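Report on the structure given below.
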Amino acid sequence: MTKAGSKGGNLRDKLDGNELDLSLSDLNEVPVKELAALPKATILDLSCNKLTTLPSDFCGLTHLVKLDLSKNKLQQLPADFGRLVNLQHLDLLNNKLVTLPVSFAQLKNLKWLDLKDNPLDPVLAKVAGDCLDEKQCKQCANKVLQHMKAVQADQERERQRRLEVEREAEKKREAKQRAKEAQERELRKREKAEEKERRRKEYDALKAAKREQEKKPKKEANQAPKSKSGSRPRKPPPRKHTRSWAVLKLLLLLLLFGVAGGLVACRVTELQQQPLCTSVNTIYDNAVQGLRRHEILQWVLQTDSQQ
């Protein structure tokens with residue numbers, strides 16, 4: 001790859017006043033660093049070389065006023081070509097350019113432009129015109145600048161439109177996200193309320209069960225004294241025992257009446273001399289003496305007296 005330094009020595013040797021001629025130098029690339037070191041070189045001739053592209057840092061040579069890039073093989077200019085704001089004269093004759101960068105509209109000082117012999121886009125070619133003389137090249141510069149400004153404005157509007165679309169899409173996404181978050185909050189709130197209600201019911205059920213447990217001992221305690229005090233005599237066996245004793249007492253009473261009647265007959269009537277009454281009187285006397293000492297009779301008499 002050929003550079004100016006290897007073909008023609010130091011670039012300063014080629015500097016003539018403010019003009020640096022690097023034409024016909026068989027250059028494949030531009031020595032940007034060396035050119036940046038020569039800010040006095042406001043006129044730069046790079047025509048008739050083998051340049052296919054310009055490096056992006058070439059746009060930092062803002063001191064350039066006149067630039068000749070004719071008869072190279074340039075297919076496009078750097079996107080930041082508009083940074084060369086001091087450029088007044090630009091020759092792009094006989095290259096392979098189809099379009100110009102939008103930043104070209106920033107070359108507000110451009111007065112002269114030649115775009116002949118490039119495979120330009122039809123619209124751009126019509127705007128540029130033929131550029132056959134000085135006047136037409138000046139008109140070319142003016143018309144191309146106006147055209148590129150219009151292209152820039154269109155692109156800016158399109159950019160703004162896309163930004164607006166993106167903003168609207170972002171708003172929709174944010175609104176959707178907010179709605180989703182609100183829905184999730186509402187769901188969590190509902191679940192929390194349901195959980196709270198469930199815990200409340202469990203708590204109420206637990207309290208009710210506890211109250212029931214507390215009532216049972218009280219009920220049993222209330223029932224126990226009544227049973228002991230006899231206010232509610234609900235003892236079937238005692239009733240059966242009482243009825244049995246009543247029958248027994250009745251039989252004993254009848255027996256006593258019968259015996260008493262017989263005893264009376266044997267003791268106070270004329271029958272007491274009869275052998276049977278004599279035996280009865282003897283048995284009676286013995287029975288009375290024994291019964292007086294017997295505990296059963298005392299218990300019967302005591303029970304009878306209590307009732």
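Even glycines carry a Cβ here, placed using N, Cα and C.
The model shown is predicted, which means the values in this text are computed figures rather than measured ones.
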Among Ser25, Ser56, Ser103, which is annotated phosphoserine in Swiss-Prot? Ser25
Between Ser23, Ser70, Ser244, which does Swiss-Prot record as phosphoserine? Ser23
